[in-house]
């Protein structure tokens, strides 16, 4: 041990011991001492030996996992805030905890960790693991599962005679340097044992379950007394009232007719497995039983203490889910959801804002087109880049991470959509127009009175927003009378039954649509505030052109400005109903997934079936300006949702 005090010899001897693979277990004093004392460092030679040991320890089911870790990758763990800086020559003691967490990730999931290393996120994932293990309640359970994954990936299985390291030993070694329950020292102890070639036992021994039951009573008697047995049976819901025995004195609690003596709470420091919920496969593995042979009567007598311990500890009882950093409390969900929905509903008043400006008829047309393209980008981007990964479970934070690869694949879907959009738009711009196509209007539009179509209401001429002489009583006939000579006829305008029905069809369709939007916003805020923000942004972007178009369509149907605004606002308020239904129902994670899946389908339908055709069919005297606005809106919407999808884990207040 004196040689370890000399500079450079300690790491070198550790490397030689790892390469020798003698199979003997040595106490990992090197890493723990380095971490606790803050003296010394790991140089390139030591790190190279450690990485070779890690690569030799793992085994994948489909063959060798291969080597993906380099010394430079390990040295980069010391400067995660400067990924482009040149590598140093040593790893300082203050980075041992991150190195240990990063090594544990590699041992438990080598393929996934290699993907993180290539993406430059190895240090970030190691820090996330350390934060996850900070909770003392989650430390034992998470470390047990981590040891199970490491044991499953181990290249060789330990023999029955081999003494292996278990979780209590790791916790004890961390406590020995004055850091009980601290994840950094525990993982450093784990890495030290890996370096020395030790094996691991992830599950407790059979004797643990018997010891747990006897630890439940507080008396000094090594045996369970009658009173304690009665308390134990009552806790299990077994047996009837205990009759006092003749030999009992009147001072006995049972003799006085009092209830059984309550059991003492389990000592949390007695064992690291007290809160571990074991599966049937785990229990059979503890007792060395074959899954194919099953449990014999003799085996049942052996494993009964394990079942009793699981019942007494309550380890498998449903635990209240604690909100994560991204999740909101119930009051915050209602507050932020209501504010977001209110902003969305205010879109219904934008028509009045445009009508107040008599010179904005041409400008309003380009504003609508810009919002239209931004809505397509926001809707498709939110559906494909944000909602679909959540629905498919690709945005998980339970240790199994898929990296950015699915995001790039989904971005390629949007790339294909954009490529064909460019092809069609350039094809229409470069080819000569049909002489019958209108050239002097801002846009061509047709009308369908048999039903509600957003494509109809979104393709509007600038004259659709001309201000009437009397704002409080103006109608669509007043707005376009100066351009429609037939409306100047002394005969009153006769509206067809279909045109008279159109306002109610539009209002009903918008009410259902806004109700679905409210459901989507509510489910998004149930998931996290980031998902709520992204969904609210997408809904807002597509509601602006929708509400403007619907307002103009209502005016075209002959309604007054006041009545058109009233119907527009009334249909928008159904979004609050959908929001509160989603929040009050308190759907679980599965329910949120289904609602978000339906919301993704709704967004794709509205974007690709309603709004994109409106963009493709619009005609204008300045087509290249429209082409520029459409591209800016599309790319802007996709960029915002892409950045949110990639970096939402790094957003915090």
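The chain as shown is numbered from 1 upward.
Backbone N, Cα and C define each Cβ position, glycine as well.
Feature annotation (Swiss-Prot): of 272-292, 293-313, 314-334, 335-355, the stretch labelled transmembrane segment is 335-355.
Of all ranges given (367-387, 430-450, 451-471), Swiss-Prot attaches the label transmembrane segment to 367-387.
It is 472-493, from the ranges 406-427, 472-493, 494-515, 516-537, that Swiss-Prot records as region 'Disordered'. The membrane topology recorded in Swiss-Prot places residue 232 on the side opposite to residue 618. Over the topological domain 'Extracellular' (525-532) the predicted model carries a mean pLDDT of 80.
For residue 164 (disulfide bond), the spatially nearest entry among the binding-site residues 513, 514, 517 is 517, judged by CA separation. Cα to Cα, residue 517 (Zn(2+) 1 binding site) and residue 199 (disulfide bond) are separated by 54 Å. Cβ contacts within 10 Å of residue 277 (disulfide bond), excluding its own Cβ and spanning all protein chains shown: 14. Assigned with DSSP, the residues of the topological domain 'Extracellular' (525-532) fall into helix, strand and coil as follows: 7 helix, 0 strand, 1 coil. There are 18 other Cβ atoms within 10 Å of the Cβ belonging to residue 199 (disulfide bond). The recorded positions under consideration are 223, 514. Their Cβ neighbour counts within 10 Å are lowest for 223.
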